[in-house]
Amino acid sequence: GVIPCGESCVFIPCISSVVGCTCKNKVCYRN
């Protein structure tokens, strides 16, 4: 939840969710 994955999730889900990233405030974060 604190490390930006360098991906936005405004229109599509986080592709980086496969490595544990989740959408928060339209940006993908992990941990």
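Here the Cβ of each residue, glycine as well, is placed from N, Cα and C on the backbone.
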Among C9, C21, cysteine joined to C23 by disulfide in Swiss-Prot: C9
Swiss-Prot annotation, disulfide partner of C14 among C5, C28: C28
